[in-house]
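Working notes, structure below.
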Amino acid sequence: MSALAARRATAAAASPKPEQPESSIEEVSVSGALTLPSPKRRKTRQTSPKPRSKARYSDDVPTSRQFFQATESLAEQRTGRFSPSAPDSDGGTSSSSVGDSDEDMAQEDEFEDRREVDGERDQRKVSVAANMSSSGPFKSLDLMPVDITSQFNPKDNVNFCRITEGQLASAEMNDGHPGPGVIVSLARNESLTIAGLFLLTPLQNTLSIYSTALSPSMSSFPVYAPTSHPLPVISPASTQAPGKESDKTLLLIRENRCGIDGLRNGAVPGFSNIWLEDNGPWGLRGVHPVVGSFPVPVYPYCTPPSWSHAISSLSSSDVNLQTPFVGLVKGPKRSGKSTFARALLNNLLRRFRKVAWLECDLGQGEFGSGAVVGLWILDKPALGPPFTHPLLPSRSHYLGTYTPLTCPDEYLVAIRHLIEHYKYELQYTSEYSALHTTVHDKISTHVPLVINTQGWMKGLGEELLNVIESMAQPTRVFSFESQSEEVYSGQGWTSTPPWQATQLPYDPAYPTTEPVETEVTQTYSLETAPVSALQARYTPADLRVLSAITYFHASLHPTQSVPVTWDISSPLVCTIPWEVELGIGKALEKVYLIGEGSEGVLEEDLPIALNGAIVALAEMLGSYEDEPTVYEQGRSPPPTDLVNILGLAVIRSLSSGNSVNPGLKLQLLTPLPPSYLSRARILIKSGALELPLPGMIDWRRGGINEEGMLGKGWEEIPFLDVGGLDVIGGERRRFRKNIMRKGM
């Protein structure tokens, strides 16, 4: 047996070994040699055969799409999925979640494997070549898209200069914004991306930001760039003439101490880190340039070519001054509809003194809170997400819901009244003289209108959109392309026919049918905005919570010349309220309840219905015959042409009066200025709109413990019920990964 074993060993040694395939993977090391541990094998069900993807680490240079997809997958791994509109949870346990979906658990398993492969190493400091046209996977999933969004290398006293607060004061930059600044010089092929809060002042040549061109002036524009939204890319405008004496674009960047960065304290869970740290690398508070490696996942604001073409059509040669501009923007959800409408508004402000904005989206208002349709008049561009520029409306109506599904008739009546108010009261104005028009070189004879519609494009939503379009009679329609869907066209199935508007023939016997001579409506087809997986971190419900909390922490002003400020140093439960009396002959006289179930509230239950509720403060524009009582069960609110909504308020508490002074005393939290609050006469309350949970708690460090908050036990805290209910299946679902038995 020993001889046979020896011969077998000799034959095995002499036989050629199979060659190992040469790996095409070139490992990229950040610090020293990088050794990749072999990932654990996991049994997964593959629904469709897919080619094996390339290795994680490759030496090829990515394309732009591959680069963003890779960065987005990293963002999902690092940020996780958190919803501020959902109950908070600690670590991996959750006592408030009823269950997680299979998709969520699969994503968690995938992220665990990635962390095991990465070994929790930081690989952000790997640079990428500027050539983004070649194909192939990227070098590391941990790369930030900084080399794409910023093409600027600051050098002191060359293209970058620091300015002290005293030097700004000597240059007559006394606009109420303290702090130092920096002057940046951008070449024609350079761009700069900044995260945070800052004031932007163009000094030389025209620059572009958020699809908006800003010309040199002494005016400063507040810019809000949280990491929860696309970051603005500042670059020289493409319309700049190449033969100018100086091809450098100079801009001044200063601190913007508006107070909204107080979200770092934790006022809205999930949004505490969107403003990054207080001190920036340039020595400016809250200003974080994206130059070099960046500590958090970000993605830039991109302007598709179709957007640029549509915006460029607003030139002086194309806009007919005899027919006021009325632009309607429509498209599905998540298409960039509101973003483009905001860019359209900003570019119109380059030629017009004022621009009107009609908000038809109940879910996500641009200049106000949700559940309101309104008309806003602006004279300055809005450079930031919707929650950063709340404004007082010119005329608005409160529907008390985030969708017109439950009140389509009231929705159309409110929008019809707003369109009529614009046409008869705001479209043509003689407020400004010819001298003002000449000095500012802007048109002030009429006010253009931008209509932002809802993203509901099917069924009833399509019918509502068609009615709005027929009422507004827009001169320009900007339509976003809908994603193609497979429609079954078999027997018995039909699709919705395309909308077509036809004018009735003119009949002298019926003068009302005379056609109105209007310019042919121009339609622009727009492509959807670039999609990033970072957008999936926050749902529309999360953004509504953020908008509501920041709205009640804001301080609004009657004029847009005074910027909005926020005070988020303390929660709403610790904010000093306004005390207003409710009763006949008092400051607030009547209460109206709207929405489903409102007719069932009895008069004696009115304090219970109002306590802790969000209400709309409205003024009466005319006389209205109504019952001389504070509240009448089932009473309908006054007509829309007699009511104007000033804003929203939270009734923090109320107390009953006495025999000498009957009525109720309300403690209101509202961002309205005193001049607007004194005009309010009635309250409108809907049961579909409630204050989000972050507005009811003390979110400060140490403000909440197991016993309660604010020195009170949980049983003494109003509006909150923290008692859990133990039910079967109420705990979080978990998958067991150690069951590997055959036949199961």
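The backbone N, Cα and C atoms fix where each Cβ goes, and this holds for glycine too.
Residues annotated as region 'Disordered' in Swiss-Prot: 1-131.
What Swiss-Prot records for 1-14 (among others) is compositional bias 'Low complexity'.
The annotation compositional bias 'Basic residues' is assigned in Swiss-Prot to 39-55.
Marked as compositional bias 'Polar residues' by Swiss-Prot: 61-82.
Summarising the annotation, Swiss-Prot assigns compositional bias 'Low complexity' to 83-99 (among others).
Annotated compositional bias 'Acidic residues' per Swiss-Prot: 100-111, in sequence order.
Positions annotated as compositional bias 'Basic and acidic residues' by Swiss-Prot: 112-125.
Annotation for LYS333 (ATP binding site): spatial neighbours GLY455, TRP456, PRO540, criterion Cβ-Cβ under 8 Å with sequence separation of six or more. According to its DSSP assignment, LYS333 (ATP binding site) is coil. According to Swiss-Prot, the ATP binding site annotation covers GLY331, PRO332, LYS333, ARG334, SER335, GLY336, LYS337, SER338.
Highlighted in sequence order, GLY455, PHE480, THR528, ALA529 have their Cβ within 8 Å of the centre of the Cβ atoms of GLY331, PRO332, LYS333, ARG334, SER335, GLY336, LYS337, SER338, the residues recorded for ATP, and are not part of that set.
For the binding-site residues given as GLY331, PRO332, GLY336, the lowest number of other CB atoms within 10 Å of the residue's CB is seen at PRO332. Non-local neighbourhood of ARG334 (ATP binding site): GLY455, THR528, VAL531, GLN535, each in the same chain, at least six residues away, with C-beta under 8 Å from its C-beta.
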